[in-house]
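Copied from TrEMBL, the annotated features are:
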- B:6-27: transmembrane segment (TRANSMEM)
- B:58-81: transmembrane segment (TRANSMEM)
- B:93-112: transmembrane segment (TRANSMEM)
- B:124-147: transmembrane segment (TRANSMEM)
- B:167-188: transmembrane segment (TRANSMEM)
- B:195-213: transmembrane segment (TRANSMEM)
- B:219-239: transmembrane segment (TRANSMEM)
- B:251-269: transmembrane segment (TRANSMEM)
- B:275-295: transmembrane segment (TRANSMEM)
- B:316-358: domain 'DPAGT1 insertion' (DOMAIN)
Amino acid sequence: MSPIPVLPLVINGCMSALGSLATLKLIPAFKDHFISARLYGMDLNKTNKKEVPESQGVISGTVFLIIMFCFIPVPFLSCFVEEQCTGFPHNEFVQLIGALLAICCMIFLGFADDVLNLRWRHKLLLPTIASLPLLMVYFTNFGNTVIVVPKPFRLLLGMHLDLGILYYVYMGMLAVFCTNAINILAGINGIESGQALFISGSIIIFNLLELGGDYRDDHIFSLYFMLPFFFTTLALFYHNWYPSSVFVGDTFCYFAGMTFAVVGILGHFSKTMLLFFIPQVVNFVYSLPQLFHVVPCPRHRLPRLNPDTGKLGMSWSKFKRRDLSKLGNLILQVAEMLRVLEVKRGQEGDDEFVECNNMTLINLVLNILGPTHERDLTTIMLLIQSSCEITIVRLYTGGYRYRVGAPVS
Amino acid sequence: MSPIPVLPLVINGCMSALGSLATLKLIPAFKDHFISARLYGMDLNKTNKKEVPESQGVISGTVFLIIMFCFIPVPFLSCFVEEQCTGFPHNEFVQLIGALLAICCMIFLGFADDVLNLRWRHKLLLPTIASLPLLMVYFTNFGNTVIVVPKPFRLLLGMHLDLGILYYVYMGMLAVFCTNAINILAGINGIESGQALFISGSIIIFNLLELGGDYRDDHIFSLYFMLPFFFTTLALFYHNWYPSSVFVGDTFCYFAGMTFAVVGILGHFSKTMLLFFIPQVVNFVYSLPQLFHVVPCPRHRLPRLNPDTGKLGMSWSKFKRRDLSKLGNLILQVAEMLRVLEVKRGQEGDDEFVECNNMTLINLVLNILGPTHERDLTTIMLLIQSLTIFRHFL
């Protein structure tokens, strides 16, 4: 196994740090361009009606791409300069370029979505399109579709399972899931960039810990992407933190989700990566009834500001009793019984009305804590995120591994 | 040398045809999205003030990318299915992916330019950024920086010349040139998509003719890109033709320029390709004084409509005599003497005024033909483009 490529990693780190500074400067520099292009939003949880530039993920994403483009030949320099490699590692090179193609395409389509306000069905289609190059590269490079079965299912399915084409479906869906999971855990200043920052930070720690393991190359590959992502997102987070002077836009959620999917798939640690997504998964599952409109879903589900106290409280979805299906009613009752949903019932004129809190993780936290100031709420959400990451990393280094043999996980 | 990969080419052709139909349908389907996003323009040469959706190059570009993404494994299918290849041709695969990365990045940055209205210095920077993956792939794949010296210079420089790092500068500048050259030969309905259509069509013919030659693989590679480009642009041209119901935007000019640069560089026929760009080169050279503001340059240089006759005439740049530098004055005098520029001089109050026609190829043609209807003018410009091409093949 090859030694750790210290020089490329150091170069990558330095370029990432420079990229961070560049992003820090570029975001305020382009503010007027975005406002003129009408790419701005109003902060619904502030009393002032200032125009806040949107889609700033396009700036951090572009700096990321520039860093990566300049970095392309660096891991292979030893082949040219010292002629130290036995044969040019074409498959590693293809992997790098293919991954960048998927990410570049995703930033592009994400920005197009922000500008053109595409519909929900497009939000599922766009990541699928952008992940095509990834699937093609995987097909030609590895073609390995055998997974190690997670422990609970081994009695039923055996140790290994060849998913065949289902593995490609899984990869495509991973991209769709990661992008949208980050997108729906949103609504309070700094949460989108913050969660991505913490997830990427934990992946970096995980990669560093695994450098001493059997799959070093996979984790080095992941670091090449996660370091620039972390540093450019850090700069974005600085501007996006409470009170937000910029919003990240769907562009950022797409960009982040695809970058995570790429390192997870090509680094062969997608299952571990999903463990870092636990808050996003919980939020997604809790949101499912509203995402499928079984429980009525309003346009915005973010917490609501109480202008008198200056604190955020839960946001509510109000609808007529008779507009609710049997399944919806069942879900409401079960959730209320499990104490994860607050339901109010009342009468207005001839109609019976039902009100329930919007089914988001943020609302659930507000339910437990009571009305909270926005900055504190985001801090708590990010603490939850980091607690999950730390727990996973601890479990992992504590010897809990379910990977045996085959590198696919 | 390997046989002509008929099946991949046929598959590419079919996918391109489907892409053409898709683009044809998608452009009207997204019209409202673009208008709502305020990505529209007013046709300056029409009397009605209808909102015309802009940046439609983003639609044809996206369809192009989808076609190419789906096509990625096709040239290599024989390696998997029949296991006919001796070793997986990684370098060809890298070339394909690297080229797509450059084009995808260019479409993205081009669209960002259309949306955010970036400044002129960005128009030179963006293609350079997008061509980086191309340069990196070239460096790792070939690294060949030796060129065949054009005949006129052989006595001085010899047969071959190793440009070294200058070759990379040349490649980067080729991308910048192609994108902007298409961008400035503009202003009449259908000219941008039309010129790109004719150039790509001629490259396709050139590639097909060269399939029997020594560099077959290079030309097959070029066809893989030119076929989808041609067909998606054809659909765009249908909507962009006079009277335009959509405008292509800078997005399209960037997309087209980068695609041409990519096939020219990786197909090793960039010098031949530049011969297809002769009208663009002539327009560029003629425009230089205004591009460098030696001769004052207004915001728009497109021909002007005469509302009474319904025909287009030359557009003019008017400025004070004393605002003109010595160099500018010299250029005006030389150009006037060579009969490629019309200059009017006059007096208004205390100032001497000078008026000259905007220095574009379209204006030059109008100077020769006199006022012309817009549709006829575009047709003539495209005829000039195709004559240049036919001259090369004959």
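Just so you know, glycine gets a Cβ as well, placed from its N, Cα and C.
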CB contact flag for the transmembrane segment (B:58-81) and the transmembrane segment (B:275-295), at least three pairs under 8 A: no
Within-chain partners of the transmembrane segment (B:93-112) [C-beta distance under 8 Å, separation at least 6 from its ends]: 55, 57-58, 61-62, 64-65, 68-69, 72, 75-76, 118, 126-127, 129-134, 136-137, 140-141, 175, 179, 221, 224-225, 249-255, 257-259, 262-263, 266
For the domain 'DPAGT1 insertion' (B:316-358), the number of residues DSSP places in helix, strand and coil: 15 helix, 18 strand, 10 coil
Surrounding residues of the transmembrane segment (B:219-239) on its own chain - C-beta under 8 Å, 6+ positions past either end: 4-5, 8-9, 12-13, 15-17, 19-24, 27-28, 56-57, 59-61, 63-64, 67-68, 71, 75, 92, 95-96, 99, 103, 190, 193-194, 196-197, 200-201, 203-204, 206-208, 210-211, 213, 245-246, 248, 252, 256, 259, 262-263, 266-267, 269
Which of B:6-27, B:167-188, B:195-213 contacts the transmembrane segment (B:251-269) most, counting Cβ pairs under 8 Å: B:167-188
Intrachain neighbours beyond the transmembrane segment (B:195-213), with Cβ under 8 angstroms and 6 or more residues off its ends: 4, 182, 185, 219-220, 222-223, 226-227, 229-230, 233-234, 237, 252, 256, 259-260, 263, 267, 269, 272-273, 276-277, 279-280, 381-382, 385-386, 389, 392-393
Overall pLDDT of the domain 'DPAGT1 insertion' (B:316-358), taken as the mean: 89
